[in-house]
Structure formats: structure tokens, C-alpha cells
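Structure first, commentary second.
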Amino acid sequence: MLLSCLQLTFVLLEQFVVSTFLVRPVSATMIPGRYLAHQEGLPKLPVPPLRQTCERYLAVLEPLVSEQELEHTRKLMAEFLTPGGAGERLQKGLERRAHKMENWLSDWWLQTAYLDFRMPVVVHSSPGVVLPRLEFSDRQGQIRFAAKLIAGVLDFKTMIDNETLPVEYLGGNSLCMNQYYQVLCSCRVPGPRRDSVVNHARAKRPPTFITVVHNYQFFVLEVYSSDGSLLTVDQIYMQLEKIWNSSLQTNKEPIGILTSQHRNTWAKAYANLIKDKTNKESVQAIQKSIFTVCLDAPVPRVSDEMYRSRAALQMLHGGGSRWNSGNRWFDKTLQFIIGEDGTCGLSYEHAPAEGPPIVSMVDHVVEYTKKTEMVRTPLVPLPMPQKLRFNITPEIKKDIEKAKQNMNIMVHDLDVRVIVFSHFGKNVPKSHKMSPDAFIQVALQLAYFRMYQRCCSTYESASLRMFRLGRTDTIRSASIDSLNFSRTMDDPSKPVAEKVALLEKAVKAHRAYTDMAIRGEAIDRHLLGLRLQAIEDLVSMPKVFMDTSYAVAMHYNLSTSQVPAKTDCVMCFGPVVPDGYGVCYNPMEEHINFAVSAFNSCSETNAARLAQGLEDALLDMRDLVEQMPRAKL
Ligand SMILES: *[C@@H]1O[C@H](CO)[C@@H](O)[C@H](O)[C@H]1NC(C)=O
Ligand SMILES: *[C@@H]1O[C@H](CO)[C@@H](O)[C@H](O)[C@H]1NC(C)=O
Ligand SMILES: *[C@@H]1O[C@H](CO)[C@@H](O)[C@H](O)[C@H]1NC(C)=O
Ligand SMILES: *[C@@H]1O[C@H](CO)[C@@H](O)[C@H](O)[C@H]1NC(C)=O
């Protein structure tokens, strides 16, 4: 019954999907300099006032730590803020940095959040995107769809190259478009202590090829003809078929699985790998390529109910060394993944970009694949795509075996539940004049509270793209108000009116924090900046960054992100702490797609239970608000 209900929702949605998600270029011809002119017009990220951040930090701690711990932190904070003290000095340093640089935060953030982070990018950093299952179930369908998808991405690329991509807006303000220029022709490269990202998009001769991987074998596929025009879908199809036919052997070494290792381990293996000239050239081709397409082998079928969860795992880690984990280059910024069974989605390396630009590209690509027909054009014979060769020494073979083992441990440890909450979407909160995102976040707080009888440090990413080169700050969704609501919601002695009032207050508090964050006035990046400034100035770390409260505040048991898309897809990612959850969602008008992750090795967490709790919380909150006459709200 439930299933047929779900299917109906999908059918209806399909009919509503008209070709309006195609991003149209703002001009038919190239507009040189438009991108830079736009960027220069954007405001610079401010450094918030010191006292404001410190006061807000203490308020954030209130629901998270004991009164005793809070009192201790208050004392440390007073010391930090003494006139002429550490706080003021570090703040001055930050302000000088902000004056000198285009963005005082973005380089630091790229380093600390991504390039210095040594855990594997798989599960711990790279998100995946799951698209609705496609209708094919054979090689021909897989290749045909892959050809259209490639053409769709290249169509988007032309708008980037021509600088005709429409500027995006948030609440009337234009946004920084830089991330779009960072995701193509780009790749992460492991280093012994710190990684780097190479980007060939603005090279003198930018790459004109993509890489395709099938049965663990990589190929270079030229996608521009000698006259500079793009290959047609038909031509791409033929080339993909050649690749497919010449990579039928399945006994190849899964060289790409090396990229799933701990970064220090991979850096060592990498240095060894590229000692060989052929290997080095092959690796460089992957790094330079515009993007990668993974043509995946079929995987065991699962029930329709579990389909999206399984697809999420395929996007996040490829299913293990027996399946498609070796059919990847996890350092590659953009990898589109297409299975023979109609599975489709992508995996992306997080360092160069956030989710929203990625899914807006996905929206365009999906729409493009729908409108594109395969027209048989008279075929000019094209050269065979070049296979990338690797010489596997015994040492490399050993590294691959180790990587396989570690990958399989990660695969066993990760639990992901993708659910379609089909009862309502943005429509219900909107009809009660509440922010849909705030409503969902408060529901998540309620679900967590019901499981653990407490709230936890919660991270929701907020966009700083109103500022030049802006990335993210943190919306802290656990507040005194959300906790007060969670405590009262299930108390039968409390009247409905009080519960509704507390819900409204919690939703408003979340909304206010969000507004503050996108204005560049949240606390997390500012506190990080003060800490990094202390390191840069070689002064001792202020005690306020070393107490229990700070550790609790930075331990995100809930790491969340709203990534709205027009396509009926969902982004997914792993938890950021061993005993936490990752929760990503795409709220559509009449349903919400959620991806919830947890680690099996933690006995306290359970993705399916939190997902169920979230459904219950959303339904209970709807019932609550519907008990009140609308006029009173
Ligand atoms: C990009 O710009 C070139 C040169 O002005 C033009 O010929 C081409 O049609 C443009 N393509 C798109 C898709 O805007
Ligand atoms: C690939 O193999 C199939 C099946 O053997 C064949 O029909 C097709 O013509 C081949 N395509 C190319 C481009 O070699
Ligand atoms: C919690 O809500 C009640 C109203 O039900 C209110 O009296 C109390 O002050 C609130 N507590 C906090 C800490 O906001
Ligand atoms: C959440 O974080 C705290 C540490 O701040 C920890 O004690 C707790 O066990 C964590 N896990 C869960 C499931 O709450």
C-alpha cells in the first residue's frame, strides 16, 4: 500500500517536470570579463564584532553543557575579552587580514576543512547525489544515457566558458559564482602532510577530454572535434561503445581504489605510483580531464523500498572492492556514476565546492537528457579513445590490496537510509507561515531528543555566497528554544496552545540564526579565525578554545545540510564524528527526500531509527499546528 502510494507520487511528479529547469545562457555569444566584473561587485566577507560572537557563543552552549561547565567558560571568556587582552589582539589581526585579502576566510577554510583533513575522502568528506532510477537495464541503455549526460554537462560547461551562466540570487542578493569555475577540469592531489587541488580550466590549452572508467580501466575520451565543436550525442555514444567493448576483461587491478585510502597512506602510495612515467601520465590525464564518468557493473538487486539507500552507498563508496569501489578516482572533483541497472548519480570531492552549485548543474543535466533525442548523424569515423595504462609493480599491488581491505571495512561500517517522506513537503510549513527549512530542523531536534532525552551540537551549513569567494558558516540548530519545544511536545499536561507557541518560537529562532549566518555574522567561522590567527601569530592558544564546552560545541553528533534541487534527487554524506549522524535533505513542494547516515560500529546510533523518528516528528508537528485555527497563527 505504502509502495503504491510512493509510486503514484513519482508518476505525478514526472508529469510536472516540464523543461523549465534548463539553465538558459544570458547571451548567445561569449561575454568576456562578465564573470570578473560580477565578482568584483560583490561585498567582502565581514569580520563580526568580537563581543557579539562571544556572547552568542555562550548562548549556543546553554542547551549543550552543564551549568557548571558554562560557568567555567564564562570566566574564561571574560579573561579572553579583557581590554587589551588576547581577544582584542587576535581580532585586530583578523581585521588586518580581511583588509588585505579578497576573503579572510576562504583559504583558511579550504586548508583546515579539506586539504589538511587526513581521513579518507570516501565516506568522511565526499558527498554523493542519488538520482531517480532510470528505466534501462542493459548495456545499451546505460551507454545511451551516459552519452546524453555527457552532452548535458558539456552544454553547461559552454555557459561557464562563455561566461553566460545566469547569476544566482538569494533573497534578492546576487551570489558569488566562483564555485562553478572550480568544479570542472579539477582534481585533488594527495600530499604527505597536506593535499592540494589542481585546476586546469584556465590553462593556456584547457583540456578537451573527459575520462571514462569501466571494469576498473580508464580511458581518455576526446569530446571536442578538431574544429572545436562538441561531439554530438550520437558520436559520444559510439565512442562509449568502443570503450565498453575494449574493457570487457574483468581481471584488472582496481588502481582507482588507492584514492580511497587515508590521505597519508595514499600520499605515500601516490609518490611510489608516479615514479613510473606511464603511470604518471595516466594519473595526470585523469586529473586534467574535464570530469570522469564511471560506467558501473551491475550490482545485486534490492527491493524498491531499499533501492535509493543502496544507490546512495554506490555513490558514496561504490559497494566495496568486489563491486564498484575500484571503478572510481575518488580525488576527481566530479564523477558521474551510471550503472547498467539504471542506477544514476554522482560523487564529488568536496574541497572545491558546496552541494548547491553541484545540484544546480545536475538539474540542468537531467533536463538536458530528457529533451535530447539521438539523431543519427552521418558518422565521420573517430579515433579509438586512448586507454590509460598502468604498470603495476609488486609494491603497488600491495598498496591496492591494503586499500581494498580498508575500503571493505568502511563499507561494512556505513549505514545509510534514504527515505521519501511523502506526506507533505514545503507546502505545509508554508501554509502556516513557517520557514520549511526551520520546520524540518526543529523536527530533527525533536526526533533526536526523543531518542536520547537531550539535544546535541548540530551543524547545518549556511551559504556565505553573498560575499566574494564565500563558502559556508554554521547554523547551530540546537537552541534553548528548540530544546524547550522538544521537552514540552510530549508532555500531556501541557496545553496545545503552549506547544504551538513554543514550536513557533523555535522555528523563528532557527530562521533568525539562518539570517544572521548568511549575513556573515554567525560565530563558528569567526571563532575558527581567531584560533588560526593565534596559531599564525605564534601566541599561546586562549583557554576558551581548550575547555570542555568548546570540545562539546565542536562535536557535531548531527551534521546536516539542506540541498534543494528541482530534480527529485537527494544528496548524501557520512557522519562527521564516530557517534553521530549525517542528515541531508531536499525539500520538494509535496514531499521531502532525506538521506540519513550513521556508523554501524557505534552502538548508540541507528540511521533507520533516526529516519523513522524524523518522519514521526514531522507528522506530529503537522498534527499539532493543524489543531490550531489558522487565523490565530
Ligand atoms: C559561446 O560563444 C561562442 C562565441 O561567441 C558562440 O559561437 C557560441 O554559440 C556560444 N555558445 C553558447 C552555448 O552560448
Ligand atoms: C561492440 O560490441 C557489440 C556486441 O558485440 C557490437 O554489436 C558493436 O558493434 C560493437 N561496437 C563497436 C563500436 O565496436
Ligand atoms: C520554556 O517555555 C516556557 C513556556 O512554556 C517558558 O516559561 C520558559 O521561560 C521557557 N524557557 C526558556 C529557557 O526559554
Ligand atoms: C554525542 O556527543 C557527546 C559528546 O559531546 C557524546 O557524549 C554522546 O555520546 C554523543 N552521541 C550520541 C548518540 O548522543
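Don't overthink the numbers, they just go from 1 along the chain as shown.
From the backbone N, Cα and C atoms, a Cβ is placed for every residue, glycine too.
Annotation comment: TrEMBL describes 1-28 as signal peptide.
Marked as domain 'Choline/carnitine acyltransferase' by TrEMBL: 45-615.
Residues or ranges marked as active site, proton acceptor by TrEMBL: H350. Counting only same-chain residues at least 6 apart in sequence, those with a Cβ under 8 Å from the Cβ of H350 (active site, proton acceptor) are Y114, V121, S125, S126, P127.
Summarising the annotation, TrEMBL assigns CoA binding site to K426, K430, S431, H432, K433, M434, S435, P436, D437, S463, R511, Q562. In the shown protein chains, 13 other C-beta atoms lie within 10 A of the C-beta of S431 (CoA binding site).
As annotated by TrEMBL, (R)-carnitine binding site applies to Y459, S461, T472. Remark: T472 ((R)-carnitine binding site) has W109, E354, S461, A462, S463, L464 as non-local neighbours, by Cβ distance under 8 Å and separation of at least 6 in sequence.
The number of other Cβ atoms within 10 Å of the Cβ belonging to S435 (CoA binding site), over all protein chains shown, comes to 18. Predicted-model confidence for the domain 'Choline/carnitine acyltransferase' (45-615) is 96, expressed as mean pLDDT.
Other than the site residues Y459, S461, T472, same-chain residues with C-beta atoms no more than 8 angstroms from the centre of those residues' C-beta atoms, the (R)-carnitine site, are E460, A462, D473, T474, I475, S559, S561.
Secondary structure at K433 (CoA binding site), as computed by DSSP, is coil. T472 ((R)-carnitine binding site) carries a strand DSSP state (E or B).
Spatially close to D437 (CoA binding site) yet at least six residues away along the chain are H510, T514, Q562, P587, judged by Cβ distances under 8 angstroms. Of the listed binding-site residues K426, K433, R511, the Cβ environment within 10 Å is emptiest of other Cβ atoms at K433.
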